[in-house]
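Single-structure report; data block below.
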Amino acid sequence: MKKLFSLFFVFVLVFSGFSQSTYAQGFKDLTSDHRFFEEINYLVDGDIITGFPDGTFRPNVTVTRAQAAIMIGRALDLDGTQRDTKFKDVNSDVKASGYIDSAVQKGIILGFPDNTFRPDAPVTRGQMAIFLARAFDLTEELQVSFSDVSSGMSAYVYIKRILADGITAGYPDNTFRTDSKLSRGDFSAFLARALDVKFKVTVPGQEMEVHFIDVGQGDSIYIKTPNGKNILVDGGKQLSNLKVPTYLMEAGVSSIDLLVATHPDADHIGGLVQVLKTLPVKQVLDSGATHTSQTFLEYLSIIDEKNIPFKVAKEGEFIDIDSALKIQVLNTYEDGEDNNEGSVVLKVSYNEIDFLLTGDADYSAEHEMINKYNVEAEVLKVSHHGSNTTSSLSFLEEVSPEVSVLSYGEENQYGHPHSEVIDRLLSVGSEVYSTVTSGNIVVDTNGITYEVHGTPDSLPGDPQEPSGKASILNVDLDKEIVTIKNNDSIDIDMTGWKLVSVEGNQTYDFPEGYVLKSGATVYVTSGNNAQDQPPTYLKWTGAYIWNNDGDAAELYNAEGVKVSEVK
């Protein structure tokens, strides 16, 4: 039996917990509000960079070529033993000589034609791009559009590579500033980004697409990353029409870079079996939970037969698949949990926009996550198809979703989504979308803004916008009474609404917070008959407003739109 079937019996032995790295001893000139505080401490903890004997770090001091060689050498575990080099200005007495020699032998840093290395010379941004692209064997490139970078520059191709890797995004004015000297803080940030995905940055403007595929009672989410990688999270049930592989191929997907199985229930992995049979898959990320179903065994069998790299998710880890994204595992299976509780939960962050993909994670998993992680997200995939075992109010308040997506089958036997879940989603101010109402739902984002392609659900308890179906029924010029009725099926908050006497050019502002109930009538009064008895009678003024010889009345809503008039 191949290794995956052995793994079926020993999944729970491969997990390890996640521990946050601790910050190094602070430097007296490096406060926590420094923009690169975390990156610098990350390198200090890794013994990649050190401070000075006086307890300072000097983050604003220009970094030298020798210092850059030391930092890169330590990061790559190169031989730093001091020794003579081929450069006439770097002998064994130079502290950085070993790292300089090792970096030169690796082709990371070169010397000058006059046989010097110039260890004390400053490092520019262009040189940084060259050093790091070579050091980390970067080959993927992103199109350069900086106004001060041209194809004739020696650093041109290397700038394209560090952009693609998320090491820098340039400046807001669309410049790169190739010749600008780097500080120790700057270089620390760039090196930390090269080493750890959690520090990487995004080049704004590239589009990411998140597709919530309509698979009925199940989940399937396709992500096209900003740099064109394809991620599939779950696949719904096995359907005779090959819904998921067909959808993917119609979207132009020819292979899957990462396939994620949040847990082994058939309504999540069934369609993955069909995808594995149909499309090349480069890597599988699994919860580690097992199942006795034929679907699960077939899923493992295909992965094994095709020799697809297989990994069990670890809580807290970052998934490095696209430098533009930060993808973190917030939950996964642990021994003794049921499959839903052990669902892989992913937080996918593209610059300022976050997606929280929750599988079927239940209350207990939610509680753990909000105690360990920042779960805030603009877009939430509601857990377990809206089951009342999930989406606790405390969890939703922490997530604070602007958009919530429900994936479920119409008239399913489980009663999903449960009404209390809908109520909780609405109570935290989220707009709710479902695959039942919209079919396939697609969210596009450039990392700054996003757009949802779908129709918001009109669900029980869902607050609706007034349609403006209020009208003036009558204007009694003699008695100074205007009769207004709400003809809408819902209440109208008339804050900001106005009643206008056209001839007199006078305006009545409805009281703030005044609500005209559905089907109700209100009388706006003035003159001797004015009455102040809300909600039925509202007093404009004790003076006379209306011209007895003829006066038009107009009613405007809060947006300034005229909704009714009587002439």
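Placement of Cβ uses the backbone N, Cα and C atoms for every residue, glycine included.
Per TrEMBL, the feature signal peptide maps to 1-24. As annotated by TrEMBL, domain 'SLH' applies to 23-82, 83-146, 147-205. The domain 'LTD' annotation in TrEMBL covers 460-567.
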Counts by DSSP class (helix H/G/I, strand E/B, coil) across the domain 'LTD' (460-567): 3 helix, 46 strand, 59 coil
Tally of residues which DSSP labels helix, strand or coil - the domain 'SLH' (83-146): 20 helix, 2 strand, 42 coil
Secondary structure content of the domain 'SLH' (147-205), with strand meaning DSSP E or B: 24 helix, 2 strand, 33 coil
Structural state census, the domain 'SLH' (23-82) (DSSP three-state): 20 helix, 2 strand, 38 coil
